[in-house]
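Taken from TrEMBL, the feature active site, pros-phosphohistidine intermediate applies to His126. Sequence annotations record features per position, and here TrEMBL assigns ATP binding site to Lys20, Phe68, Arg96, Thr102, Arg113, Asn123. Marked as domain 'Nucleoside diphosphate kinase-like' by TrEMBL: 12-149.
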Amino acid sequence: PVCRVLGIPGIQERTLVAVKPDGVQRRLVGDVIKRFERRGFKLVGMKLLQANEGLLAEHYHELRRKPFYPALIHYMTSGPVVAMVWEGYNVVRTSRAMVGDTDSAEAKPGTIRGDFSIHVSRNVVHASDSVETAQREISLWFHSNELLTSSHWVPKPI
């Protein structure tokens, strides 16, 4: 699909953004959504779920040999996660900038992690780091019939 933002044609991207258990517990879901909506991105899928170890093992497969991996899986299964798919022009790179550095000590004020994160292991939110990763992650967390398309946004005549 083609995205026309302010008349500028571009490729429509999608990305996965997930509010992690600490963000859900601290009631930050609305703050995260508000930032993405104000940026002009379109929410095309959202669900609240208790992520299981199988899903998380696939999602974090590149980190499985890291020493912090068991603690990460334990943390991510400790409470509900709000998984979202956002769509828009350059949404992957822009969302990473909005989310901020993984390490809360390095995250700049004004980013989600800079404003809300308390520790690198409790950093509130996940955002896909590339278009390819986003496609893979979206397919793990959502079935295609759970995502809206642009045709859902056009009102049908009565």
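Using the three backbone atoms N, Cα and C, a Cβ is placed for every residue, glycine included.
Fair warning: this is a prediction, and the values are worked out from it, not measured in the lab.
Features recorded in TrEMBL, as mapped to the structure shown.
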residue : record                                          : CB count, 10 Å
Lys20   : ATP binding site                                : 24
Phe68   : ATP binding site                                : 11
Arg96   : ATP binding site                                : 17
Thr102  : ATP binding site                                : 14
Arg113  : ATP binding site                                : 25
Asn123  : ATP binding site                                : 22
His126  : active site, pros-phosphohistidine intermediate : 20
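Look at the domain 'Nucleoside diphosphate kinase-like' (12-149): DSSP puts its residues at 62 helix, 30 strand, 46 coil. Taking every pair among Lys20, Phe68, Arg96, Thr102, Arg113, Asn123, the residues recorded as binding ATP, the greatest CA to CA distance is 22 Å. Residue pair Lys20 (ATP binding site) / the residue listed as 'active site, pros-phosphohistidine intermediate' shows a Cα separation of 7 Å.
Across all of the domain 'Nucleoside diphosphate kinase-like' (12-149), the predicted model scores a mean pLDDT of 97.
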